[in-house]
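**Student:** Take this structure first; my questions come after.
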Amino acid sequence: MTLNLYDTLSRRIVTLDCRDRVELYVCGPTVQSPPHIGHMRSGVVYDCLRRWLEYKGLPVLYVRNITDIDDKILASARSTETGETWWQIAYRVSGLFNEAYKALFVKPPDYEPLVTAHIPDIIKAIEILIQKNVAYRAMDGSGNVFFSIDKHPSYGELTDQKDLLIDDCITPGKRDPRDFTLWKEKKDTDPDLAFWESPWGPGRPGWHIECSVMATKYLGTRFAIHGGGVDLRFPHHENELAQARALGAHFADIWMHTGAVNVEGIKMSKSFGNSVLVQDALSKVSPSALRYYFLTAHYRSTLNYTENSLSQACNTWNKLQGCIYRVYDYLEREGYENDFCVSQLNTDFSTSLDNDLNIPEALAIVHNKVREMNRLVDTQADMQYLGNTLSEVVEMLSILCPIDHKITYTSGAQDNSKALLQVLLEARDRARSKGDFYTSDLLRELLAEADISVSDGHVSYGSPRG
C-alpha cells in the first residue's frame, strides 16, 4: 500500500511508512467560543484521511485533543453576561464542537484528551526539560518557566522561522526574547480553579507543551502523522516539535497542515468580525452539502468562502445525491434487489487519494460516475452494471462525503415526497394570492433545486444531474 502526503517538515511529498497501524494526532480546538467553518474544514479533511486509511485496511489510532484551559477561555468567562465559569464555558463549547463534528459525519477520535486531565504529566515533562537545561525558571523570580531556544540548536526546523510573536517576546523574566512559556504563574486576576500547584508555584501550563505531552502519551515517542491547520505551524507546532525533541522523542514522521479559510477574499478572523459559525452555515445548507463544500478545494489550498460558492456547492451536491436516490428507486421499481458489489474501487479514484489526498480530483471521478448512471437509467441499459456502478459511487462517497441512508428514495418516500410537494405548491399559491412574492419566489427556487419547475400553475419534473 502506498500513500504519498506532503510533509511540512521536509517540504516535499513523502510516502507514509505503513506499519501495523497509523497513528494520527490532530490539534483540536481551544474551546472558548462556538466552532467556525475553519475548525470544521480541518476536522473533515482528517476524517477523510482516516476513512481512506481504514478503507485500505490500515487500523488508525486517532487522537484529537481539547484545550480546555487557556487565556482565551478565561477572557470569555470574564466577559460573559451569563455568569458562566471558565470550566462551564469549556464544557459547553466542547459539546458544541462534538455536535458539529457529528452533524458533518466526522467520526469521533479514539481518544480526546483534555488538558486539565493531564496537568501532572505536563509538570513532569517540564521538570525533565529543566533537568536537561533546555528550560529554566524566570529570571525575575516569578513562577513562570520558559523553554530556552538557544539551548535547542535545531529550533526552527519545521517552518524555518525562529522569531516568536511580539506578544510572546515581551514577557518579563526571559533570558532571550524568543524563549516561550512552558508554565504560567498564577495571576491575581485568575479565577478559582484556574491554576494548579507545581514546583514553581501555582499556575497553569503554556499552550505548546500540552500537545507535546498528550501526543506522546497516547501515541508514543514516534508516530505517523501530526495534523492541524496552517495557522498552527508557527509558533505552536514549531514549539511542539522542539519540546518533544528535547524530551528525547522523534515525534511525527509526517506533518500535515490544512489550508486557511478566507471569507469573500479576506482572511477569516475574529478581529475582522467575519468569522462564519458552523451553525450559521448549517442554517443555509445541509450538513452533507457543507461537508462537500469543504472538499471542493485541495486540503492544502485556501478555501475562499462566499455565499455564492456555498450555494453552488449545495446545488451540485443535491443533484449528485438526487441521482443516487433516482437510481435506487429505478432499480427497486425494476425488481432488482440491492445485492450489487464493488470488487475494486475505480483505479483513478484510488490514485487521486494516494496522491497527497487529492479529494477534488477524486470527486471529479465520482461526478463522472454519476453522469454515467443517469445515462444508464435514461437508456434502460444493463441493470447489473448500473447497480454495481451505484454501489461503487456509494462506496467512494462513504470515504469522502457519506450519503445519509436515513433518506432513501423508495416508493414510500416518493409518496411522502408527493405530499410534501403538494404542501409547498399550496404554500406558494397562498403567498402569491397575498402578494407575498418574496416567499413565492423563494419556494419556487427551492423547488427548482429539486429539478421541479413551476410556471403559471404548471409543474414539470427534471432528472437530477451530477
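Using the three backbone atoms N, Cα and C, a Cβ is placed for every residue, glycine included.
Straight out of Swiss-Prot:
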- CYS27, CYS211, HIS236, GLU240: Zn(2+) binding site (BINDING)
- 29-39: motif ''HIGH' region' (MOTIF)
- 267-271: motif ''KMSKS' region' (MOTIF)
- LYS270: ATP binding site (BINDING)
**Student:** I need the least crowded one of these binding-site residues (CYS27, CYS211), counting other C-beta atoms within 10 angstroms of each C-beta.
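**Tutor:** Selected from the binding-site residues CYS27, CYS211 on minimum Cβ neighbours within 10 Å: CYS27.
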**Student:** Give residue numbers and ranges for long-range contacts of the motif ''HIGH' region' (29-39): same chain, 6 or more residues beyond its ends, CB-CB under 8 A.
**Tutor:** 66-68, 70, 72-73, 75-76, 89-90, 93-94, 96-97, 100, 207, 229, 260-261, 268, 275-279, 281, 290, 294, 305
**Student:** Among HIS236, LYS270, all listed as binding-site residues, which has the most CB atoms within 10 Å of its CB?
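**Tutor:** Highest number of other Cβ atoms within 10 Å: HIS236.
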**Student:** Could you measure between HIS236 (Zn(2+) binding site) and LYS270 (ATP binding site) for me? Cα positions, answer in whole angstrom.
**Tutor:** 19
**Student:** What counts of helix, strand and coil residues does DSSP assign across the motif ''KMSKS' region' (267-271)?
**Tutor:** 2 helix, 1 strand, 2 coil
**Student:** For GLU240 (Zn(2+) binding site), just count the other CB atoms lying within 10 A of its CB, please.
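**Tutor:** Summing over all protein chains shown, GLU240 (Zn(2+) binding site) has 27 other Cβ atoms within 10 Å.
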**Student:** Have a look at the binding-site residues CYS27, CYS211, GLU240 and say which one has the shortest Cα distance to the residue listed as 'ATP binding site'.
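**Tutor:** Nearest by Cα distance to the residue listed as 'ATP binding site': CYS27.
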**Student:** Other residues with Cβ within 8 Å of the Cβ centroid of CYS27, CYS211, HIS236, GLU240 at the Zn(2+) site?
**Tutor:** TRP207, HIS208, GLU210, SER212, ALA215, HIS226, GLY228, LEU232, HIS237, ASN239
**Student:** Quick one: average pLDDT across the motif ''KMSKS' region' (267-271), no decimals.
**Tutor:** 79
